């Protein structure tokens, strides 16, 4: 049995229209990123079932029936993607915003552009070419106006977290909460772990690992050492101790713990900032997620051990366990505890190691500032090992200015921290940005912008305490973010950075290896949400 030509044409037309309608009424609205393989299964079923029906009703061999339904499927997708492309190119709310033509069509345009450079460099190039607001995806804008930081991230902002934060679904942590009320409630639990009393306890716990770090650095005096490696070993050992009550022993083994290596291998995918639906495809494939499941199992064991330990000096996990009042957690509570413990390790280690490495880079480039820092520290008593108590050095102006200036030029999270605009949209410098759009303010670009700072490319710590006129928009400086989702671990990170750098400059002379002036060392930096500095060679010599 065959349908008349006119009937067959009408059928194809209706199928094509169905594709258009599915885009306009469904895929264009709401979020559809969590279960990409569910759509694949549904489409497979929708194609397979009609094939069987056509074969039975029309009496066709399955092959011929499959050709017919395959044609319908192609027509459906032709309608869907024609509607999608026309909408994105011509009728999208962001149609009038400048940016590369390819970015209008697909979120993969930016990902493809990151094959040979990190995101923060690519975004700098785009802003240099197109201006302060650039369309970098079908529904994504990068905004380099200093005023936008408060509008997008500030306490009064009505913007909310994007689908990017669902990449680890179903695992939850403080970082991944998209619902503001749920996030605020969880943050209150976390906040008890970052008060002054808790920080003094952490300072005591950290001393052990800093002593190991300096023992290793002493062993390498006069040699070229990759300081980035040692800061990574140190930071992961510290945060392992604060998350689980036990370190990863990386300073002892001089290498990455296997679980940390799995973690580092896994974050490579983040450097491409692929759309959330595609990220979900990768992480749900068994062949690609096998190591991730090993890491989760390892974390589960570490958390169970920690829950059974009684620590003399509390760690961060003690604050997270306190609401349980000694009872066993429910499965949901355990998953949240595990997500938060992993957050302590990942967020606290990578960013702190990068910040320390960046500070050393600038110390080696600016020996005159090193002398000023030493003059500031000289009147302050250190212990026999050269350790300074944080409360003694926390308000030193040049030390804080040096750290601030380093983080301005080398922000640990340099580019994409995405938010969704509220339904009514937002206004930035007289420009209306429609609701439901993903926006972000790249700290790397803004930190080097003459709209935010005078002489933005010059390294001048005094701008933070002696020459405030060199800062046009103080609120644009947000290396730890700002607003309700700002980094809750900022006090711990700054304590660690200040005390480590103070001891470092009072113990060693720091210089680049012979023939190296440091001008190219920051060219091979990665951006996988947080900045990654794989190689930073320096030579340390003992001070007299």
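A Cβ is built for glycine as well, from the same backbone N, Cα and C atoms used for every other residue.
What Swiss-Prot records for 487 is heme binding site, and it gives similarity to another entry as the kind of evidence. If you look up Swiss-Prot, you'll see 226, 404 marked as N-linked glycosylation site. As annotated by Swiss-Prot, signal peptide applies to 1-22. Per Swiss-Prot, the feature transmembrane segment maps to 42-62, 66-86; the stated evidence is sequence analysis.
Counting only the Cα atoms, the space from residue 487 (heme binding site) to residue 226 (N-linked glycosylation site) is about 28 angstrom. Remote same-chain partners of the transmembrane segment (66-86), defined as residues 6 or more beyond its termini with a Cβ less than 8 Å from a stretch Cβ, comprise 11-12, 15-20, 22-24, 27-28, 43, 47, 50-51, 54, 60, 105.
DSSP classifies residue 226 (N-linked glycosylation site) as strand under the three-state reduction. Using a 10 Å radius centred on the Cβ of residue 226 (N-linked glycosylation site) and all shown protein chains, the other Cβ atoms total 16.
For residue 404 (N-linked glycosylation site), the same-chain residues that are 6 or more apart in sequence and have a Cβ closer than 8 Å to its Cβ are 461, 464, 477. The Cβ neighbour count for the residue listed as 'heme binding site', using a 10 Å radius over every protein chain in view, is 19.
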